[in-house]
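Student: Sharing a structure below in structure tokens format, with a few things to ask.
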Amino acid sequence: MTTATEPRGNARTADPHLAGRAGPLRRATRWWPAALLAVLLVAPYSALPLPGLLDGPIGSPGNLQLLALCLVFGALATGYDLLLGRTGLLSFGHALYFAAGTYVTNTVMLEAGLPFAASAVLGLLAGVALAALLGAVSLRVSGIGFSMVTLAFAQAGSILVQRDPGGVTGGEEGRAAPADRLPASLVGIDHTANLYWIALAYLVLVLAVVHWAVRSPTGRVWEGIKENERRVEMLGLRPYGFKLIAFVLAGTLAALGGIVYLLLTGGATPQTTTSDFTLSLLVMVVLGGSGTRWGPMLGGVLYTWADHRLGDLAGSGAVAGLPAVLRVPLSQPLFLLGALFVAVIYLLPGGVVRLPRRLRAARTPRATPDREEAPAP
Amino acid sequence: MSTVVLLVLTGLGLGALYFLVASGLSLIFGLMDVLNFAHGALMSIGAYGTWWAASGRLPGAGPGGLGFVLAVAFGTAVGTAAAVVLELAVIRPLYTRPREQILATVGVGLAVPALLSAIWGADARPFPAPDALSGTFGLLGAQVPLNRLVLIAAAVIVLIALKVFLGRTRHGLVVRAGVEDRAMVTALGTDVRKAFTLVFAIGGAAAALGGAIGGLYFGSVDPEQGTSLLIFAFVVVVMGGMGSLTGAALASVGVGLVQQFANYYTTDGLGDLAVVVLLAALLLVRPRGLTGRLA
Amino acid sequence: MNANANANANINANAKATAAPPLLTVRGLKVVVGGRHILHGVDLDVAALGTTALLGRNGAGKTTTVRGILGLVPRTGSVRLDGEETVHLATHALVRRGVGYAPEDRGVFAALSVAENLRLAERPGAGEPAYGLVYELFPELRTRARQAAGTLSGGQQQMVAIARTLLNGNRLIIADEPTKGLAPKVVAEVARVLERAAETVPVLLVEQNLAVVRRLARYCAVIADGRTAHRGPAAGLLDDPDAARRLLGVGHAHPHTQPHARPPAHPGTVQDQEAEA
């Protein structure tokens, strides 16, 4: 954890004076990811209720399902940030690689009758191949052109899926996964905990891969590309290859996420192919904090939770009593998330993950100002 | 023959709708380098504003005759106001952060349809059509719905009005110059930010008008209507060249016709697919057309 | 040390020579673009009369200085126009106080006609635009009024750029390398026009062509590595071969052979950064 590898946005780098003051505390807090992981691992055994946050005990199948979704999207956002926050690539087509994992795996199981494991391998390979192929093409243009090309490819994929060629994709309805091809331990409401653990494993894997990749020599080039692509060229490196690595790696992680999502939701739905799906990933990343280690995950979890729970909350007594001016917008999670997103762009550049640090900086005015936070005039 | 005539006019009608959305999108991107992902939302606001007024909630407005004209004017005005608010409140504070500007429009583009469905429900609402515009007319053996003509006429009027504005007025001159070189416009003593707001207002008005009349074409309004059209408007903008109105008009016609014919004569959906793939191909063939100043 | 003494002597001479206070006073102008310091503190006076030349080697920061004065790049320091602090003003607000600007790349709107290019420079409320003067100096612009400016030759485009600065009753004209890339005959014409303009309006001239500097400029300032390296009478610098070589990187004597085209910009030089900004 040297500043050379993660000079920006890591919540743990700066604040040396704070470290001096609260050394033991800092040492203790260093282990919070491990502690959190332990808590998450045993969560299915917990009957503890989290009033407001969840409906009923944590370990109930419904809540485990929601938590697993939160973890999957936390991981997806982390993978997407490999492009946005680490390499500076604004892709509007990430949904395509996610959907490739879901749809190819599901379709192979349904049409070719292969077992899940073999289908998943094919689904993953399809995602990798698609990302490599389309990434190689899309990256020939830069800036907003790249964003538009990725959007176009993803939209083409989305149209294809929704038109249901040959009845393979199921069109607007999507298709349920065939229960007889899946391992018995992954099917049914009694086995939600297994799915939850798979989602958790996926999240840990993505965090580890992204962490490792960003610290690798390639990761340093990515950072250079994000800062100033021309300077990287002047060093005699070709940004194209490095950007393609980031694109394929992010696409691979997304395809894997698509497979986990298939297990979790028991089917493939065309909503996951739309540009809105990619845009929601974008919102998660920016909401949490692009370019930071934990920010995208936090954003993904927050977004998914809010998307599923705010609607329920709006129907609850507390909100139902409010006047229509407040109640109506509150009943739409996407409205709240969109508004929150815009607010974060303005008020909290760097995302929610920066919040504690900002509060700390506000409390101790002598703290070294965060270089990155100084807004351009 | 009658099928071809019907397809041509339907394609032109669709193209007219694209043009109404894309003209503003193109001007905004050309002048400000902002890819406005909230532009579809502006269209939806126009559609809902018109629907709301035409459903008898606005005194004087209604589903027929002059009442409908008033409803369309109301919807367009609401969309224009929304566009101005968007520029002043969301885009303007982020002038020095171009990527955040795009992200902010993404946020607005998500929030507005959600708000619309919070207020009026996520389901499509039937759009009131005045009797005078809901019939068909015979042309070369084809029975063509009148609303296609309304759309085409609206697009032509908007095109001419924009041409006159850009070519004959000082504000138009500033916009055309700003598309080429914003900094030089300010260095000649003109506050180009006023042109930004103006362009947003114009783009919002055109898109809202598109939403209002698009309701006739689709027969209903739903919160996602504008957003789903946006991607095709992007295609038009890229094909026509950023900031070029004539280009946008030609591209609108091309995209609308290709889509209609391909969808009819091949598999349904292939036309949409063709257009989207065309976008990718175009960007790859001449990336400078789009990224010249942004890269 | 010698250089410092020399510079001080020159400044003193400068102070004696100009009775009127300078029109534009720049102090400690700093420009940071993309986290990189391009100007570290430029001091500059533009005399209330005649032409002041801004000199320096390629990439020294001359264009950035001009853009910094105008607020086209984010800057700090002090820029006083006729005593009024303008560093907090937006570009258009400063320009409306009476500044005409002909930028390095001429800044001509290629898709607009010549007449439209000129019309864009009109300032509502700044009096009647001086089309008489413009067409007297550049009769060609009248005959080509409807032609797209992008189809003009380089020299004609430069005329459009200069004409835009003459249209309004400006208090200051800033011309950034107006002779760059032009044929010798056109250079002479541009110099003639600037000479005539400078009779009534003070001019800040960025120029590589030392023959033009010698002909037009009474005073000069030299920028090196983002700082002011020298200020004083232009003739004094040009007649001092050592100083000219040291500050401008040119052998004395034959300014006419000074190539107009720049050598290719080196990676990481200021020119490069300016292009990015």
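The backbone N, Cα and C atoms fix where each Cβ goes, and this holds for glycine too.
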Student: Given the ranges A:1-20, A:161-180, which one is assigned the annotation region 'Disordered' in TrEMBL?
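Tutor: From TrEMBL, the annotated region 'Disordered' range turns out to be A:1-20.
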Student: Can you work out which residues elsewhere in the same chain, 6+ from the ends of the transmembrane segment (A:90-110), have a Cβ less than 8 Å from its Cβ atoms?
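Tutor: For the transmembrane segment (A:90-110), the list is 76, 80, 83-84, 116, 118-120, 122-124, 126-127, 130-131, 134, 138, 144, 146-155, 157-158, 161, 168-169, 175, 177-178, 181-182, 247, 250-252, 254-259, 261-262, 267-268, 272-275, 277-279, 281-282.
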Student: For the transmembrane segment (A:195-214), find every same-chain residue at least 6 residues outside the stretch whose CB is under 8 Å from a CB in it, and list them.
Tutor: 5-6, 37, 40-41, 43-44, 64-65, 67-69, 71-72, 74-76, 78-79, 81-82, 86, 186, 222-223, 249, 253, 256-257, 260, 263-264, 293, 297
Student: Using Cβ distances below 8 Å and needing 3 or more such pairs, separated by at least 6 in sequence, tell me whether the transmembrane segment (A:240-264) contacts the transmembrane segment (A:116-137).
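Tutor: Between the transmembrane segment (A:116-137) and the transmembrane segment (A:240-264), which are separate recorded stretches, there is contact, as judged by 3 or more close Cβ pairs.
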Student: Residues of the same chain, at least six outside the transmembrane segment (A:64-83), with any C-beta under 8 angstroms of its C-beta?
Tutor: 40, 43-44, 54, 58, 89-91, 94, 98, 192-193, 195-196, 198-200, 202-203, 205-207, 210, 213-214, 246-247, 249-250, 253-254, 257, 260-261, 264, 281-282, 284-285, 288, 290-291, 295-301, 303-305, 308-309
Student: Restricting to the same chain and to residues at least six past its boundaries, which positions have a Cβ under 8 Å from a Cβ of the transmembrane segment (A:279-303)?
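Tutor: Result: 6, 8-11, 70-71, 73-78, 80-81, 84-86, 90, 92, 94-95, 203, 207, 210-211, 226, 337-338, 340-341, 344-345, 350-354.
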